[in-house]
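For reference, TrEMBL has these:
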BINDING   Asp16, Glu18, Asp212  Mg(2+) binding site
BINDING   Ser153, Ser154, Lys187  substrate binding site
Amino acid sequence: MATVSIPACTSALLLDIEGTTTPITFVKDILFPYIREHLEDYLSTHWEEDECKQDVHLLKKQIEEDMKQNRSCPVHAVDQTVHTDEEKAIREVVDNVLWQMAADRKSTALKQLQGHMWRSAYSSGRIKGEVYQDVIPSIKRWKGQGLKVFIYSSGSVEAQKLLFGYSVEGDVLDLFDGHFDTTIGAKVEGKSYERIAERIGCPPEEITFLTDVTREAKAAEEAGANVVVVVRPGNMELTDDERSHYNLITSFSQLELTGRV
């Protein structure tokens, strides 16, 4: 693919993770299986700790919201203060988390618990965050050209920082000026990008968003941001209309900043 120019007015790049900076296979074949395989042991070990209690409390709130919205749910109560049978309570949490993962839910409650589990795996060296080879050199180039670089992912901010803090390239967190997750809004809603622009302190028109998901690209466009769709191995196939509408890149190295040295 040819190089893609982004407007000279761009002051910030906003990057998706899965399918953009990081292979989808890393998330689906390493991160998610780790949760499924170690969830019950993790809960049993940390059940009485405040952080775990907060995670379970947030899951309970999500279940209550799901019930109000008439979403099917495998359990109707998750409460450490009610159950006398700890194993039963833990099993209910496990069932709910696995159900959410199977449904590809992006709930903040789920992402928070996952982030805490991944922290343990990263810090112990059992997992290292994968990034495409073109990502770090390109970000360094953009930073050298005066751009700010932010992450916006459905994974929690903590999970994002773990991936880049314990990456195959080492700790590269200092390359990023900030992180956003679903607590600021869903990635398929235009308002989320407006909030991010406000938080960054620039108009949406000065933001270029890189993602592999066209629904997210559409939402960012609606907010007034510039959009580039990243085409990586294993990403969802684009329609002919999508290919003709969006600027496409297969590598960050193809992105050129108009009017910058």
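Cβ atoms are placed via backbone N, Cα and C, with glycine included.
Curation plays no part in TrEMBL annotations; they are all automatic predictions.
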Open item on the list: Quick check for the class: what is the C-alpha distance, in angstrom and rounded, between Asp212 (Mg(2+) binding site) and Ser154 (substrate binding site)?
Closed with: 13
- [ ] Please report the number of other Cβ atoms within 10 Å of the Cβ of Lys187 (substrate binding site).
- [x] 23
TODO: Starting from the substrate site formed by Ser153, Ser154, Lys187, give every other residue of that chain whose CB sits within 8 Å of the mean position of their CB atoms, in sequence order.
DONE: Asp16, Ile17, Glu18, Lys106, Tyr152, Gly155, Asp181, Thr182, Glu216
- [ ] Mind computing the max CA-CA distance among Ser153, Ser154, Lys187, which the record assigns to substrate binding, rounded to whole Å?
- [x] 8
Open item on the list: To the nearest Å, how far is the Cα of Asp16 (Mg(2+) binding site) from the Cα of Lys187 (substrate binding site)?
Closed with: 10
Open item on the list: Same chain, not part of Asp16, Glu18, Asp212: whose C-beta falls within 8 angstroms of the C-beta centre of the Mg(2+) site? Give them in sequence order.
Closed with: Ile17, Gly19, Thr20, Thr21, Thr22, Ile24, Ser153, Thr211, Val213, Glu216, Val230, Asn235
- [ ] Tell me the Cβ contacts of Ser154 (substrate binding site) under 8 Å, same chain only and six or more apart in sequence, or just say none.
- [x] Glu18, Lys106, Lys111, Asp181, Thr182, Lys187
Task: Fewest Cβ neighbours within 10 Å, where candidates are the binding-site residues Asp16, Asp212 - done: Asp212
